[in-house]
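Per TrEMBL, the features are:
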{"type": "DOMAIN", "residues": "84-508", "note": "domain 'Major facilitator superfamily (MFS) profile'"}
{"type": "TRANSMEM", "residues": "120-140", "note": "transmembrane segment"}
{"type": "TRANSMEM", "residues": "177-198", "note": "transmembrane segment"}
{"type": "TRANSMEM", "residues": "210-230", "note": "transmembrane segment"}
{"type": "TRANSMEM", "residues": "242-261", "note": "transmembrane segment"}
{"type": "TRANSMEM", "residues": "357-378", "note": "transmembrane segment"}
{"type": "TRANSMEM", "residues": "387-406", "note": "transmembrane segment"}
{"type": "TRANSMEM", "residues": "418-442", "note": "transmembrane segment"}
{"type": "TRANSMEM", "residues": "454-474", "note": "transmembrane segment"}
{"type": "TRANSMEM", "residues": "486-505", "note": "transmembrane segment"}
């Protein structure tokens with residue numbers, strides 16, 4: 001991949017075990033270590049027997065209904081929500097497109113705008129995108145409380161379209177920076193909103209699979225930009241066409257969301273009960289209307305404050321715990337090295353004779369896409385925790401395999417083959433778990449009231465870590481070599497797998513309200 005700094009999406013995922021579908025009460029906790037003693041703090045959460053009886057009955061009815069549909073061969077409960085989710089996930093397609101759009105043409109852009117050979121300015125053109133995304137993420141939490149996801153996504157397309165057009169018409173470095181900043185601002189907003197929108201609109205039993213469309217959209221966007229970027233190797237002005245093309249999906253997204261539904265949970269919170277019932281009826285089925293409204297009421301009747309949440313609420317339990325979970329997941333995801341591995345993959349492929357950077361990038365994109373399809377199939381079958389653990393274990397093994405291939409005296413052909421195998425396995429492993437699960441499970445664990453704020457905070461952590469990895473990766477490789485850096489990526493991956501094993505629990509098959517009531521002791525106390 002070309003450029004001083006490389007950005008890739010990880011759309012994508014606690015310090016404590018917080019949920020359990022086991023019939024026994026579970027605990028989550030953490031230990032405080034000092035020189036004299038270890039103190040373990042445990043928090044008891046209701047699950048199974050400790051869970052609200054009506055929630056146990058509802059889950060059993062959900063599971064029975066789903067089994068009946070499967071046995072009849074007509075399990076199409078995902079279909080009514082699919083067009084709405086697909087439209088929203090076009091935002092992720094644009095995210096992936098804008099990630100890949102600068103990989104090849106950055107040299108042509110630098111030459112025409114007068115900063116060719118200046119690695120700092122080349123890196124700035126790429127990284128200004130992250131600055132905009134950071135600001136977009138942190139501002140999205142407040143907007144969503146007032147306008148809801150659908151309308152906010154529509155508003156978010158405005159800077160996306162303007163940024164693409166400004167970039168396409170840029171004749172100076174400053175114009176290009178402004179264009180990339182506007183695109184990043186929009187992407188920062190929408191990467192927060194789309195997972196929330198999908199989690200709140202999708203039926204419970206299909207929330208995981210439909211949520212994976214975020215990762216699939218990003219992969220398709222990257223692949224599309226890489227294919228469209230091939231002519232830029234021969235046409236120095238082709239990059240302008242690529243930016244103009246980027247504005248078209250923005251128009252489609254903005255128009256498409258006009259016909260998409262609002263989140264029924266948001267509609268209920270703003271008092272539009274009949275509209276919420278209609279959407280539940282059409283998307284989830286007539287049998288779900290009464291049950292869903294009862295769950296909405298169980299959660300919202302305990303929230304006697306105004307519609308919007310405040311950032312200070314993230315310092316209170318249980319919101320602070322979930323915010324810490326979200327931030328920790330993104331820290332582990334980013335420092336497991338996905339950006340660095342993707343950057344170095346082009347050099348790895350060059351060693352085995354694939355000299356075309358575009359061809360190598362397309363192969364990487366297809367591997368990423370294949371893994372995302374696997375996640376689509378497995379997310380609601382195996383669950384989030386298993387995919388997350390398996391994903392990070394696969395990433396760790398891959399990194400150690402590449403380290404072995406380049407550190408030990410092997411035949412050159414064998415060394416290159418193992419490097420390619422390790423790199424491919426790493427990208428596939430990331431796409432099947434660490435990428436899609438991270439972005440999905442955070443809104444699942446968040447309360448209805450603070451979901452926007454927690455997602456905004458978590459993605460701010462994501463962008464900071466993303467920037468740091470892009471900034472220091474090459475320097476670390478030059479100073480220590482590839483093998484030690486890849487070994488550290490493998491070590492972080494093992495840490496992330498252990499983290500998921502001990503502190504992440506399963507959310508599949510449970511409604512967002514059921515999860516929230518299990519997490520929040522105040523709700524259970526008032527209900528009792």
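In case you wondered, yes, glycine gets a Cβ from its N, Cα and C as well.
Automatic, uncurated: that is what TrEMBL annotation is.
Taking pairs at least six residues apart, the transmembrane segment (357-378) and the transmembrane segment (210-230) share three or more Cβ pairs below 8 Å and count as touching. By the Cβ criterion (distance under 8 Å, sequence gap of 6 or more), the transmembrane segment (387-406) is counted as touching the transmembrane segment (418-442), at least 3 such pairs being found. Using a Cβ-Cβ cut-off under 8 Å and counting only residues 6 or more beyond its ends in the same chain, the transmembrane segment (242-261) has close neighbours at 83-84, 87-88, 90-91, 93-94, 97-98, 101, 105, 150-151, 153-154, 157-158, 160-161, 164-165, 167-168, 179, 183, 201, 225, 228-229, 232, 279, 282-283. With a cut-off of 8 Å between Cβ atoms, the residues of this chain six or more beyond the transmembrane segment (177-198) that come close are 9, 11, 85, 88-89, 91-92, 94-95, 98, 124-126, 128-141, 143-144, 149-150, 152-153, 156-160, 162-168, 170, 207, 210-211, 213-214, 243, 246, 263, 439-440, 442-443, 451-452, 455-456, 459, 463. In this model, the domain 'Major facilitator superfamily (MFS) profile' (84-508) carries an average pLDDT of 90.
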